[in-house]
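Here is what TrEMBL records for this protein:
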- Glu398: active site, proton acceptor (ACT_SITE)
- Thr114, Gly153: FAD binding site (BINDING)
- 12-107: domain 'Acyl-coenzyme A oxidase N-terminal' (DOMAIN)
- 251-413: domain 'Acyl-CoA oxidase C-alpha1' (DOMAIN)
- 448-612: domain 'Acyl-CoA oxidase C-terminal' (DOMAIN)
Amino acid sequence: MLFKGGGLPHESLALQEKLFGAGPDYNFMTRIERFKNSLVRVQHFIRCCARYNLHDHADKKWFEGVAFPNEVSVLGPHSGMFIPTLKEQGSEEQIQKWVPQAEKHQIMGTYIQTELGHGTFVRGLETTATYDPKTEEFILNSPTLTSIKWWPGGLGRTCNFGIVMALLYIDGKNYGMHPFVVQLRSLKTHEPLPGLTMGDIGPKFGFDTVDNGYLQFNHFGIPRENMLMKYCQVLKNGTYTKQTRNPKFSYGAMIFVRSMVVYEVAGQGLAKACTIAIRYSAIRRQSELKKSRPEPQILDYQTQQYKLFPLLALAYAVWFTGVRMKEIYFMVNNEIKQGHTERLPELHAISSGLKAFTTSMASWGIERCRLACGGHGYSAASGLPKIYVNATGGCTYEGENTVMLLQCARFLMNIYGGVKNGRRPSGSVNYLGERISSRCTLTSEFTLKSLADAFKHRAARMIKEASERLNRLQASGNDPEDSWNLNSVVLTKAAEAHCHYYMVLVFESVVESVEDNCVKDILRQLCQLLALCGIQENSGDFIQDGFLNNDQLELVKQKQLSLLSEIRPNAVLLVDAFEFHDVQLGSILGRFDGNVYENLFKWAKKTPLNKPEDLIHRLLR
Ligand SMILES: CC(C)(COP(=O)(O)OP(=O)(O)OC[C@H]1O[C@@H](n2cnc3c(N)ncnc32)[C@H](O)[C@@H]1OP(=O)(O)O)[C@@H](O)C(=O)NCCC(=O)NCCSC(=O)/C=C/CCCCCCCCCCCCC(=O)O
Ligand SMILES: Cc1cc2nc3c(=O)[nH]c(=O)nc-3n(C[C@H](O)[C@H](O)[C@H](O)COP(=O)(O)OP(=O)(O)OC[C@H]3O[C@@H](n4cnc5c(N)ncnc54)[C@H](O)[C@@H]3O)c2cc1C
């Protein structure tokens, strides 16, 4: 690991200092300036990776965090979607043809699926790719206004290639959604190719540094060889062949990004927000805790600890879960490459569920961190607004969270139904094969095992009840689709309970794996706090079937509050342990040196509004 801990080559830090610190500040730029500035940094990033022979993936990701603090550049869709899709869905010759160019950034690609009228419902997408055996071409077309491609990152001005998801038609027959490699712009002039209408979709809630764009096809021809043909082929004469029964292989890029989002977006975003809020809370002194005593650090108020320490515990939990999610993705993906696709449904379910669960929790948590920082939390100088608007996009892109929870619930219903027919579940759902014990083992010791068992009980019960309610709805005369919709709130909650249990279980396993007793004790406290807060915030789920009683809930609350003061001495160390460089944090409140006020004043004086300009003076006269 070349750069972990900030061993970044000096000039890159100098560039970052210039871009963020001494020079024009992101917060003082217009949207166009931010976009152009991001492109400058993309070029610098690519040059540095070549100059320092940066190939280790973790090193590149760390460096990306410095070059693009809390923002997505066009490298996101390019390396996060375009290249992985080529590798996963392309034939050997297609990989050889396009991947080297893409990895050298000779071509810049994006992933073009969503349309003006459809994002969630992929089967409702309208862009067509009609095969013409005479010219051996696919003719791409946007048949309606709602079929215009809309949202893809980098599509507006930057990317000259894209993977386009379109309905394949041969001899009038619709073969469904397939991926096509499409050159969008001339490699010489960078102008859109004839037959394409393209542009940027305009300002957004965040993502200022990315030109999310639109693309309208007007009978645009591409060679037959441009359909990605690892799993399905179209021969010259128009014959369609396929090597897989599972039509969802073409959805593979989405599983990859969902699996990565847990760590890269939710985990990193929440950990940064906790770092900023907890460091600032140790700096900020306010009000009077005791008469005639100096103003205390706001981190000494129990309410401030109650706001932030459960989020710190959650940040560690999402971080560990994100690492595990990546491990599972690469393991199952390798199995699929060997032809073993049995675990694809579970991978789809757990990646959908955890992507939804963790991005929702992280968005809520980042905003709570901002609120805990008072007025300065509301300043762009805190870095928290930018972290929030970029992280919360993860609740929508790569599958809107409600829909992703329903996908997870669909898998859980299938598994639960199978258990009733004698099938033994495995992996992340193995607990659904166990008898649900109604005996609660929670004691005042609150062992991690007993806490995990409580979440297991809650998830198993809610999945069982969702399945039984679905059956009752159907038995009372509703057709399967209406029964599903009338049960969908219960189903999403069952999916959340499953993901919550999964996250507590991962955290427990990490704590048990730690050998250093001091670290183990501190992480155990965080895991206990995570679980106790989960019980407190969802107490109805735990007392509904009598699993927990009021006395036990009182014990939960007492332990939760006592943990706050136990964690207080280590709180700053626990956020320092994330090892974010100041440039990665992008926050004056969260500076490692704690020198907040002097730098806040310096920063404010640089704001463009403070530049003496006749126009403003005239207006103010
Ligand atoms: C899944 C849908 C909702 C429904 O699909 P549908 O076809 O209708 O299927 P169903 O009828 O519901 O189910 C049929 C069966 O198919 C199974 N199924 C469904 N999907 C899959 C799948 N993907 N894989 C396997 N199996 C699947 C389903 O379970 C059913 O099985 P069964 O019958 O029950 O057995 C679908 O419509 C859908 O997916 N909708 C969501 C659309 C979506 O996700 N769009 C995303 C567009 S791209 C986008 O948004 C890009 C955003 C990028 C933003 C920038 C990101 C920056 C952050 C980068 C993150 C880090 C990257 C790091 C990279 C690096 O490390 O370098
Ligand atoms: C920052 C950002 C970057 C993006 N980048 C890309 C990209 O690079 N490439 C790309 O192709 N796309 C991209 N997208 C588009 C993104 O994938 C879609 O926005 C997303 O899939 C949601 O689809 P939609 O916008 O059509 O919302 P809709 O599907 O219209 O959803 C709107 C609302 O309806 C609800 N809803 C929809 N269907 C159901 C259902 N079945 N059950 C219950 N509720 C439902 C949803 O919960 C949601 O609240 C990006 C989006 C954002 C915000």
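Using the three backbone atoms N, Cα and C, a Cβ is placed for every residue, glycine included.
Overlay of TrEMBL feature records on the structure.
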{"residue": "Thr114", "record": "FAD binding site", "contacts (Cβ under 8 Å, 6+ apart)": "Lys149, Trp150, Trp151, Pro152"}
{"residue": "Gly153", "record": "FAD binding site", "contacts (Cβ under 8 Å, 6+ apart)": "Val72, Val74, Gly76, Pro77, Thr110, Tyr111, Phe207, Val210, Asp211, Asn212"}
{"residue": "Glu398", "record": "active site, proton acceptor", "contacts (Cβ under 8 Å, 6+ apart)": "Met254, Val257, Arg258, Val261, Lys355"}
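Per-residue pLDDT, averaged over the domain 'Acyl-CoA oxidase C-terminal' (448-612), rounds to 96. Under the DSSP three-state reduction, Thr114 (FAD binding site) is assigned to coil, being neither helix nor strand.
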